[in-house]
Amino acid sequence: MNIKQVILQAFRDHPGEFISGEDLSQTCGCSRTAVWKHIEELRKDGYEVEAVRKSGYRLIVAPDRLSAAEIMAGLHTARIGQNVFAHDEVVSTQPLAHEAAAKGAPEGTLVLAEQQTGGRGRLGRPWHSPKGTGIWMSLIVRPAIPIPKTPQMTLLTAVTIARTIREETGVPVKIKWPNDIFCGDKKVCGVLTELNAESDRVNYLVIGIGLNANSVQSDFPEELSEIATSLRIESGDEVKRVDFIQQFCRNFEEEYDHFLQHGFQRVKQEWEKHSYSIGRWVSVQTISQMFEGRAVGLDDEGVLMVEDRAGIMHKVYSADVNYRANE
Ligand code: BTX
């Protein structure tokens, strides 16, 4: 951690309290003048810090800005979120994460932005990512798993986001196969997993997460107004995005470590428990065929099982799934 991060960590550990310049200089291992300079830098970054002679410094307001320092202060993980690239405006965080991964960025690296001008979903679809309203981020992981198992990482991510939403906001959400999180019948979050592999070895995955956190209705363009929602619209409360990201990192690391050691079973159970898809009538369009049936669950590998009218069970690995009125 750099000095700014250590100071932010100290403020987080003592909310609303004064911390003396002497204590801060000892914690940071630098002079009191250096502490003062870093406090000035924090002020330039939008932090309101009160300074009182003999009492020290106290944090009054932190800006709602996604900075590396904020995210890393107080983040108790071993890998996930321990390296953060935070941008103001980018075309998309996905190519930046690919570039960083190709240059050797460690597992757990997060690339995030306040705004994306060309955010993307699956199959080249656009992802609307206006300034300051959401969490637009890409996570680099390097799991030692066979390539056919990599779609399980999308399901693991969806399970982790759904859990974090419940913990941080209490909003009830469901997971729609394979990559969406829904509140009621509206999308609040999408996951885009991109793989870089060589012969039969995974080099890395870039997991893109687009979460509408604090969007209000007027932030959505007309074509999304009926199909998209945000956590703030659903709960009425503003989401503290830094807290959310930190909790996501902790949850992800815990679930991911369990997955690497013990396999997919726990993710499968939690996915099925919070599934939007199971029991629904769906039409499935794969590269080679189109059919309708009822989604009945996941198999042990995370493949969606769909039973058609004739009672034939289909395994859906990769497809566009549309939801029909239940028969
Ligand atoms: P998807 O292909 O499942 O969903 C894309 C579709 O979702 C769009 O065609 C549109 O109908 C709808 N949509 C677009 N924007 C929004 C929005 N903000 N809220 C709700 N619905 C929307 C889902 O793809 C995967 C999205 C991943 C986005 C992240 S953000 C960080 C990273 N960078 C990047 O460019 N993509 C990922």
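Keep in mind that glycine also has a Cβ here, set from the backbone N, Cα and C atoms.
These figures come from a predicted structure and were not determined experimentally.
Listed in TrEMBL for this protein:
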- 21-40: DNA-binding region (DNA_BIND)
- 69-260: domain 'BPL/LPL catalytic' (DOMAIN)
- Gln116, Arg120, Gly121, Arg122, Lys187: biotin binding site (BINDING)
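All features noted in TrEMBL, drawn onto the structure.
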residue	record	Cβ neighbours (10 Å)
Gln116	biotin binding site	25
Arg120	biotin binding site	20
Gly121	biotin binding site	16
Arg122	biotin binding site	17
Lys187	biotin binding site	16
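Per DSSP, the DNA-binding region (21-40) is made up of 17 helix, 0 strand, 3 coil. DSSP assigns Lys187 (biotin binding site) to a strand in the three-state reduction.
Residue pairs drawn from Gln116, Arg120, Gly121, Arg122, Lys187, the listed biotin binders, are separated by up to 18 Å at the Cα level.
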